[in-house]
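Q: Features from TrEMBL:
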DOMAIN    99-272  domain 'Yip1'
TRANSMEM  118-140  transmembrane segment
TRANSMEM  160-181  transmembrane segment
TRANSMEM  193-219  transmembrane segment
TRANSMEM  225-247  transmembrane segment
TRANSMEM  254-278  transmembrane segment
Amino acid sequence: MAATDELAFHEFEEATNLLAETPNAATTSQSDALTSREHVAVVMESGIGYRAEEMEEEGDRTSLLQEEKPQPRFWTFDYYQSFFDVDTSQVLDRIKGSLLPHPGHNFVWHHLRNRPDLYGPFWICATLAFVLAVTGNLTLVLAQRRDPSIHYSPQFHKVTVAGVTIYCYAWLVPLALWGFLRWRQGTREHMGLYTFLETVCVYGYSLFVFIPTVVLWLIPVEWLQWLFGALALALSSAGLVFTLWPVVREDTRLVAIALLSVVVLLHALLALGCKLYFFQPLPPEHVVPGPQATPLSPSVMLPTSARSMTTF
C-alpha cells in the first residue's frame, strides 16, 4: 500500500513539473481540438449548404427546360410514349383491381392515380382477340375428334373478326361515353369527368376477365359455358359500374340509371356475340351428309305378274 502511494506521489510530482515548464500545453491542445472540430463542422455545413443550393438550381434549370421544351403533337409517337411507360407491377396491380371489384373501390382513384396507360389495354385486347380466334377453331377440332363425320377447315378469318370487334369496342364505346359525360358536364355544375384515356384504360382492363373465360369455354358442356360467361360478365360489368358511379351520380337519377344500363347492355352484347359467333353449333356445311336412299321407280317395285297385266 505504501509503495502504491509513493508511486502515485512521484507521478503527480512529474506531472506538476511538466505543467510548470509548459503551462499552456493542455489548454492549447484542447483549444486546437475544439478549433479543428469547429472548422470541420463549418466546412461540412458549408458543403451541405452548397450542395443543397446546387441541387435547387439544377431542379430549377430542369423545370425551366421542361417548360421551354415543346409538347409533342397528339399524332406523333412521342405523345403516346408516356402512356406505355409502365412497369409490370403496376399492370398486375391494375389487372387484380379489375378482377376484384367491390362497392366503394374506384378503379381510377385506387389504381390509375392520374397515370393511365395504354400498354395494358392494348395487350389485353390483342390477347383476347387471339384467344377467341384460336379457341373458336379448337372447338371445331375437338368436335371433329368426337364425330369423324364432321369436316373441319381452318377459319383464319376469325382472327380478323375478333381483332376488329374487340378493338372497336375498347375504343369507340369509351369515346362515346366520354363525349356524353362531357356534354352532361356542361349542364351539371358539380359533375366530375374522367379523361378519355382513363375511360379507355378502364374499359381495357375490364376485358381481362374474358380471357380465362374464353379458354374455359372449350369445355364441351353448354350450361357450364353459359355459367362461366355470366360470372365473367358480372365481374366486368361491376367494375365498370363501381368506377362510373361516382361520376354519374351527380347527374339526375334517370340519366344515371339509363347510362349505367346502356353500359351493362353493351358489355352483355359483346360477351353474347363472342359466345354465339366463335362457339356456335356446327353449321350444316361442316357436317358431311350421310348416304341417302334413292327412291325406286314404280316399275321396279311392281311384281312381274302385275307388269305383264299392265302391258295388255
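Each Cβ is built from the backbone N, Cα and C atoms, and glycine gets one as well.
Could you give the neighbours, burial and distances for every feature on this list?
A: Only residues 6 or more beyond the boundaries of the transmembrane segment (118-140), in the same chain, are considered here, and those with a CB under 8 A from a CB of the stretch are 80, 83-84, 86, 91, 94-95, 150, 152, 154-155, 158-159, 161-163, 165-167, 170, 197, 200-201, 203-205, 207-208, 210-211, 214-215, 217-218, 274, 277-279, 282, 286.
With a cut-off of 8 Å between Cβ atoms, the residues of this chain six or more beyond the transmembrane segment (193-219) that come close are 83, 94-95, 97-99, 107-108, 112, 116-118, 120-122, 124-125, 127-128, 131-132, 135, 138-139, 142, 166, 169-171, 173-175, 177-178, 181-182, 185, 225, 228-229, 231-232, 235-236, 239-240, 243, 247, 267, 271, 274-275, 278-279.
Residues 132-133, 135-136, 139, 158, 161-162, 165, 169, 173, 177, 180, 184, 206, 210, 214, 217, 225-226, 229, 232-233, 236-237, 240-241, 244-245, 248 of the same chain, all 6+ positions outside the transmembrane segment (254-278), place their C-beta atoms under 8 angstroms from a C-beta of that stretch.
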Q: In the same chain, who gets a Cβ under 8 Å from the transmembrane segment (225-247) while lying at least 6 residues past its ends?
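A: Distal contacts: 97-99, 101-108, 177, 181, 191-194, 202-203, 205-207, 209-210, 213, 216-217, 219, 256, 259-260, 263-264, 267-268, 271-272, 275, 279.
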Q: By Cβ distance under 8 Å, which residues at least 6 away from the ends of the transmembrane segment (160-181) in the same chain are close to it?
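A: Distal contacts: 121, 125-126, 128-130, 132-133, 136, 191, 193-196, 199-200, 202-204, 207, 244, 247-248, 259, 263, 266, 270, 273-274, 277-278.
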Q: Averaged over the domain 'Yip1' (99-272), what pLDDT does the predicted model reach?
A: 89
